[in-house]
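Asker: Could you have a look at this structure, given as structure tokens, before my questions?
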Amino acid sequence: MRRWKRTHLGTEADRATFRTLHNASLASPALRGGLTVDSAERAAPHLQALLAAPALAITDTDGLLAWEGIGTHHQEHVTKLAEGTLERGATRFYDRVDLECGQAGCPLHSAVVSPLVVDDHLVGTLQAYAPDTSAMMVRATDEVATWVSGQLELAELDASRRRLMEAEVRALRAQISPHFIYNSLGAIASFVRTDPERARELLLEFADFTRYSFRTHGEYTTLSEELRSVERYLLLEQARFGERLSVRLSVAPEVLPIAVPFLCLQPLVENAVRHGLADAQTGHISIRAADSGTECVIEVEDDGAGEDPEKVRNALAGGADSVGLGNVDARLRNAYGDDYGLVVETARGAGTKVILRIPKFAPGVHP
Amino acid sequence: MTFDSAPAIVAVTLVTLATLTIGTWGLRFSRTTSDFYVASRSVRPGLNASAIGGEYLSAASFLGVAGLVFTSGAEMLWYPIGWTAGYLVLLTLVAAPLRRSGAYTLPDFAEERLASRGVRRLCSLLVVTIGWLYLLPQLQGAGLTLELVAGAPRWVGPVLVGTVVLVSVFSGGMRSITFVQAFQYWLKLTALLVPVGVLVAVWGSDGAPRATDLSQTWSMPMGTDGSAGLYATYSLIAATFLGTMGLPHVGVRFYTNPDGRAARRTTLVVLALLGVFYLLPPILGLLGRVYAATPTSADTLVLELPRLMVPGWAGDALTGLVCAGAFAAFLSTSSGLAIAVSGVLSQDVVVPLLRRRGSRFGGVAAFRIASLVAVLVPVAGALLTPSVGVARGVALAFALAAATFCPLLLLGIWWRRLTAYGAAAGLVTGLVTTGTAVVFTISGSRTDTWADVALSQPALWAVPLSFAVMIVVSLATAAHVPAHTTRLLVRLHTPEPTVEPAGPVVALQQR
């Protein structure tokens, strides 16, 4: 049965191609972690198989990261060969003279060293060692080095995307609008004479709110903390708007301990307040959090002017119209996968409802 | 024996309505800003403990214990002792670290700890198996109860319980599941406490007669048939002490606690609540010895006793109350299990299947499909397989949990050298050994040899075997210890700070 299947898996050339692709796919996940000792050690065996060389080394600009195969005493040459190649910036070929090791019977007489290039910067080398070198070998090493460089560039892209996300969270933290600070302090000031006790309480709420929002540690928090911050925000807004703003909150206590991305509700509630009171004299906002099996469903709703769905789609796709919405959406997808993006139900004149689904557990997500 | 079925039918209807009502409307409260802080208060340990008690006290506790004590004597007291003491093990070794791991289900814990999708799937399979094995006797017990008290055919009970569970899941009733389950605990306690009080008073006014045929062996705590009986007792103790932590509906409830400290406090209250409850069934068992000559089955003693001892309307009322409690037991345990099993099914089976077929159902739809499967399979099983007795059936589920999840949890929390391979090997070992025992017991081929005893109470040899396999295979694959192990274990074992750290304020001043 097995043999029969094998004979039908294509010609020898086809199978060689499959093997090559398979080895490449095995090496790829490690390389996507960037160029480190760990990733190099995990990728090296597959790259060695890919090149069919007796020995293979990966270096960064400082020295050896991983050696795979026979003749480990040649590790002393690795740095010198790497420096020579990095100086030239192109694939180089070394022979017996450069690889003098003095050990009888050592078959490694020649090496092909190709530079690894990410964004036009030399980041390391790929070195293939063999008894003798053919033009094929040089060509193959060069190609593999180019492919590895491509993977490393993707890794760099992942890393910069993550950095961007972190920068956006930092931006959100710093983004407490000057208007909000000004208006809150103004509202508090108006109570200082008439109701000093309330003014004092509001001032404390304001302090706690800013303290939470400027928090510098942790990518995640609990829903209970996030809701508490939202409550403080709404208290301050209510001090300013008084009867104009009414809020309904219904939260299932079971979902309060769930881990959520830091500041994932705050921007949505801010939007709701802004939209809810935009054209109307009074605005109603409702925040619901309910238990739903393995996940929690949170809804933030206002009865304001609504929004053009096309515009919302734009904002979610990363347009600059609404920093908050797109950012929250991106962070949710980043943490929980694409199934967990924001859902926005809106139309002109029909209010807006934003729905978040948060799984109760996701690997690596904890406050 | 025939009964006037009116009180039973009224009681069952009331319990069903109350459950659905609290489930659907219990939490639709809304608050204005002035009450905000009330709304964001998490579930307190007392309430959560009542809910755990409500979900945990199944038909086996409500009906089975009294019946077993009645038929087999004091030896059977190990069941309630083990079911309570399981929480002691949970309290000291598992509760707080499990909560701090952030895992919602046991497969979640396996994935977080071992970073392996394979072990996760294995755990999902186990959760579903244990859940169904536990549901089976609940549903059969419901059939038995309704047959006895309302003269209904045997299939009515399982179908009715299954329907109510599904209705409450579909109508969103699980949204306030904590309140429903807490209500069920107090209902069950009342439904035993009041009859026990009345019956003990009746017994006193009868001149406190002693049971006529209390043989020497009936009051012995260690079984009757020599070393085999001793083995069976110890094996039962092992299964119940170590199995509690591996029950799917128990682990899920701990997620509701805000942190590890609350998880411990909750467990402590659970111990007290269970301790109080389990005082009652043995009293009924003993009273049965005095007043009832021959009940139709061990599981129905609790239902029959009130009318045997108290004639007239008072007996009817007590029977109704006991029926209400029994039905609450079926409903709460079944819905807790159904929700736990559906959660795992939807996460690890339905959602991946739907995604593979290109459909993008939301989580709610997937959960509903999963809950249909989770309820229909055991209902069908309850109708098609013969009953093994509520308490014994549940004991098998405990043995399976003890031989699989207990080693995984204990080693996962307390031993940093556990690997995914070791865990998988141990889980498979536990599943195969206790699975064989389950099939053997359900098929009902009984002889009185040692092999038979060892298979009907497998925990005492199966649990150490799983531990051994898990440890040996882990040591053999020591290179595969997950890289994040130390960091994770530090997180699991570090107590939460009692006050908010003051750091951020300083950060604010720097700006």
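Cβ atoms are placed via backbone N, Cα and C, with glycine included.
Whatever TrEMBL says is automated annotation, not expert-curated.
Feature annotation from TrEMBL assigns transmembrane segment to B:6-27, B:76-98, B:118-135, B:155-173, B:185-204, B:228-247, B:268-292, B:312-345, B:365-384, B:390-411, B:418-440, B:460-481 (among others).
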Asker: Contact between the transmembrane segment (B:268-292) and the transmembrane segment (B:76-98) is defined here as three or more C-beta pairs under 8 Å separated by at least 6 residues; is that satisfied?
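Answerer: Between the transmembrane segment (B:268-292) and the transmembrane segment (B:76-98), which are separate recorded stretches, there is contact, as judged by 3 or more close Cβ pairs.
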Asker: Test the contact criterion for the transmembrane segment (B:460-481) and the transmembrane segment (B:228-247): 3 or more CB pairs under 8 Å, pairs 6 or more apart in sequence, then answer yes or no.
Answerer: yes
Asker: Can you see whether the transmembrane segment (B:365-384) and the transmembrane segment (B:118-135) are touching - at least 3 CB pairs under 8 angstroms, only pairs 6 or more apart in sequence?
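Answerer: Contact confirmed: at least 3 Cβ pairs fall under 8 Å.
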Asker: Considering pairs 6 or more residues apart, do the transmembrane segment (B:228-247) and the transmembrane segment (B:155-173) have at least three CB pairs under 8 Å?
Answerer: no
Asker: As a test: from B:185-204, B:312-345, B:390-411, B:418-440, pick the stretch that has the greatest number of Cβ pairs under 8 Å with the transmembrane segment (B:155-173).
Answerer: B:312-345
Asker: Who are the chain neighbours of the transmembrane segment (B:418-440) in space, where the CB to CB distance is under 8 Å and they lie at least 6 residues beyond its ends?
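Answerer: Cβ under 8 Å, 6 or more out: 110, 113-116, 118-119, 122-123, 125-126, 129, 133, 396, 399-400, 403-404, 407-408, 411-412, 455-456, 458-459, 461-463, 465-467, 469-478, 480-482.
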Asker: Can we call the transmembrane segment (B:390-411) and the transmembrane segment (B:185-204) in contact, meaning three or more C-beta pairs below 8 angstroms at a sequence separation of 6+?
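Answerer: They do not touch: fewer than three Cβ pairs between the two stretches lie under 8 Å.
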Asker: Between the transmembrane segment (B:118-135) and the stretches B:185-204, B:268-292, B:312-345, work out which stretch tops the count of Cβ pairs under 8 Å.
Answerer: B:312-345
Asker: Examine the transmembrane segment (B:268-292) against the transmembrane segment (B:185-204) and state whether at least 3 Cβ pairs sit under 8 A, considering only residue pairs 6 or more apart.
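Answerer: Between the transmembrane segment (B:185-204) and the transmembrane segment (B:268-292), which are separate recorded stretches, there is contact, as judged by 3 or more close Cβ pairs.
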